[in-house]
Amino acid sequence: MATNAKPVYQRILLKLSGEALQGAEGFGIDASVLDRMAQEVKELVELGIQVGVVIGGGNLFRGAGLAQAGMNRVVGDHMGMLATVMNGLAMRDALHRAYVNARLMSAIPLNGVCDNYSWAEAISLLRHNRVVIFAAGTGNPFFTTDSAACLRGIEIEADVVLKATKVDGVYSADPVKNPDATLYEQLTYQDVLERELKVMDLAAFTLARDHNLPIRVFNMNKPGALRRVVMGENEGTLITKEVAAVTK
């Protein structure tokens with residue numbers, strides 16, 4: 001597909017997994033990966049795109065194992081929320097070092113560390129081309145950061161949620177386990193539900209579906225993939241309400 005002269009999106013919600021930040025380290029934050037992502041976000045800002053970001057916390061804390069060992073789920077989820085704030089602080093710092101204006105907002109009050117989440121303030125910042133990082137998930141336990149990404153995407157009236165992953169999009173099966181798995185170019189919400197494809201958890205996905213929020217799944221590890229997505233190229237998998245499923 002020919003590259004469009006202008007971006008096809010005006011405002012996006014970028015969902016990054018915490019694992020994406022750890023690079024090859026296996027834990028924590030890889031500074032080189034963080035800086036590369038900041039540069040890619042900077043490219044979008046320079047294209048005039050308004051960018052909201054939600055980051056997971058799996059690189060710093062995984063509550064599932066501790067929950068199995070007896071930890072209260074609410075406590076574990078609160079710890080996970082704090083992990084997303086730590087990632088948000090790192091991303092804000094990386095963006096500032098790249099000379100990008102960025103604001104970090106938390107769904108739980110952390111005075112002196114970052115701003116409290118405010119819908120009106122977030123909209124104002126986005127309109128002034130500031131990157132807004134939304135941390136601490138939804139502020140409630142039992143909800144994933146994918147749910148937070150869809151919720152914030154709906155609230156800020158984003159054109160699309162861009163879900164960055166470690167694979168090239170949505171496949172018919174796990175491409176790591178099955179090399180013959182098919183990569184889908186386009187799917188409908190119904191396709192995903194009927195085929196039980198793993199895009200995100202059901203609560204997050206149905207939230208996006210009910211509010212007709214498109215989702216684009218792509219590989220953030222591919223250099224330039226994010227830019228190609230916003231310029232309308234065939235990168236990753238697009239999930240919408242009415243587009244007929246097409247496979248590569």
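Positions of Cβ are set from backbone N, Cα and C atoms, glycine also.
Given the structure is predicted, the values throughout are model-derived calculations rather than measurements.
The ATP binding site annotation in Swiss-Prot covers Lys15, Leu16, Ser17, Gly18, Gly58, Arg62, Thr165, Tyr171, Asp174. Under the heading region 'Involved in allosteric activation by GTP', Swiss-Prot lists 23-28. Annotation comment: Swiss-Prot describes Gly57, Asp77, Thr138, Gly139, Asn140, Pro141, Phe142, Phe143, Thr144, Thr145 as UMP binding site, evidence class sequence analysis.
Shown here: features listed in Swiss-Prot, placed on the structure.
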residue	record	Cβ within 10 Å
Lys15	ATP binding site	29
Ser17	ATP binding site	21
Gly57	UMP binding site	26
Gly58	ATP binding site	21
Thr138	UMP binding site	21
Asn140	UMP binding site	15
Phe142	UMP binding site	11
Thr144	UMP binding site	17
Thr165	ATP binding site	21
Asp174	ATP binding site	10
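Taking only the Cα positions, the spacing between Gly58 (ATP binding site) and Asn140 (UMP binding site) is 17 angstrom. Neighbours of the UMP site: apart from Gly57, Asp77, Thr138, Gly139, Asn140, Pro141, Phe142, Phe143, Thr144, Thr145, residues of the same chain with C-beta atoms within 8 angstroms of the site's C-beta centroid are Gly80, Met81, Gly137, Ser147, Ala148. On the backbone, the CA of Gly57 (UMP binding site) and the CA of Ser17 (ATP binding site) stand 7 Å apart. A coil conformation is recorded for Phe142 (UMP binding site) in the three-state DSSP classification, outside any helix or strand. Ranked by Cα separation from Asn140 (UMP binding site), the binding-site residues Lys15, Thr165, Asp174 are led by Lys15. Ser17 (ATP binding site) has Thr144 as its nearest neighbour among the binding-site residues Thr138, Phe142, Thr144, going by CA to CA distance. When Cα-Cα distances from Thr165 (ATP binding site) are compared across the binding-site residues Thr138, Phe142, Thr144, the shortest belongs to Thr144.
Reduced to three states, the DSSP call for Ser17 (ATP binding site) is coil.
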